[in-house]
Amino acid sequence: MNVKACIFDLDGVIVDTAVYHFKSWKRLADELGINFTLHDNERLKGVSRMRSLEIVLEIGHQTKTEAEKQELATRKNEWYTEMISKMKPDEVLPGAREFLQQVKNAGIKTALGSASKNAGTILEKTGLIPFFDAIVDGNHVATAKPDPEVFLKGAEALKIEPANCVVFEDAIAGVEAALAGGMKVIGIGSGEILNKADLVVSGLDKMNIDKLNSL
Ligand code: BG6
Ligand code: MG
């Protein structure tokens, strides 16, 4: 295919913030008396903060009012933002910065397509803002992955057709969102979990422009 743009998910593709999300959801689950495991955490990847909370509550067979849910999600986010406020440029995943640079050098446009409302802070703390031609995050979308909105907005901001875009995703919901948007998708992680992706690599350190053009 003729690749004109790459759209990157953030958590789990460029930075390993999944561990901070897990720690803060785990702390909340503990307070609520809910047994929340690393295995359960897979279901939270790529989905919005409120949907993540609903999944945690489902696991614990608990129901809360809207006001209680807002309060719980805010509490989790306070712990999470405390952790990411200390992030450093060396927390960028192996090969991510280098691959972003290769993509730019090849004249291919780049966008961020993240569900996170904290994406701006993370990009700033890790020094990655200059690598992106467009940034679309949880503050700009009404619908969460697997809906393709976040990626379609990214393509639109770059003025590139979806058929010429490649998405990089570590979450099942994100892979589905990219495909629903008519884009090719490279899974970051395990081929067993991300079996709908067009190609799966273990990390951006395993990517290069030749692999991109071979899609
Ligand atoms: C995604 C993560 O990138 O962002 C999810 O994979 C997270 O786990 C979602 O729930 C929302 O993040 P935030 O920072 O807005 O709470
Ligand atoms: Mg992710």
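Glycine too: its Cβ is placed from the backbone N, Cα and C atoms.
The feature substrate binding site is assigned by TrEMBL to 9-11, Trp25, 44-49, Ser52, Lys76, 114-118, Lys145. Over all protein chains present, the Cβ of Asp11 (Mg(2+) binding site) has 24 other Cβ atoms lying within 10 Å.
Taken from TrEMBL, the feature Mg(2+) binding site covers Asp9, Asp11, Glu169, Asp170. Using a 10 Å radius centred on the Cβ of Asp9 (substrate binding site) and all shown protein chains, the other Cβ atoms total 30.
According to TrEMBL, the active site, nucleophile annotation covers Asp9. Secondary structure from DSSP puts Asp9 (substrate binding site) in coil.
Marked as active site, proton donor/acceptor by TrEMBL: Asp11.
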Alpha-carbon spacing, Asp11 (Mg(2+) binding site) to Lys117 (substrate binding site), which is rounded to whole Å: 11
Env. residues of Mg(2+) site, Cβ within 8 Å of mean position of Asp9, Asp11, Glu169, Asp170 Cβ: Phe8, Leu10, Gly12, Val13, Lys45, Gly46, Ser114, Phe168, Ala171, Gly174, Ile188
Conformational class of Asp170 (Mg(2+) binding site) under the three-state DSSP mapping: coil
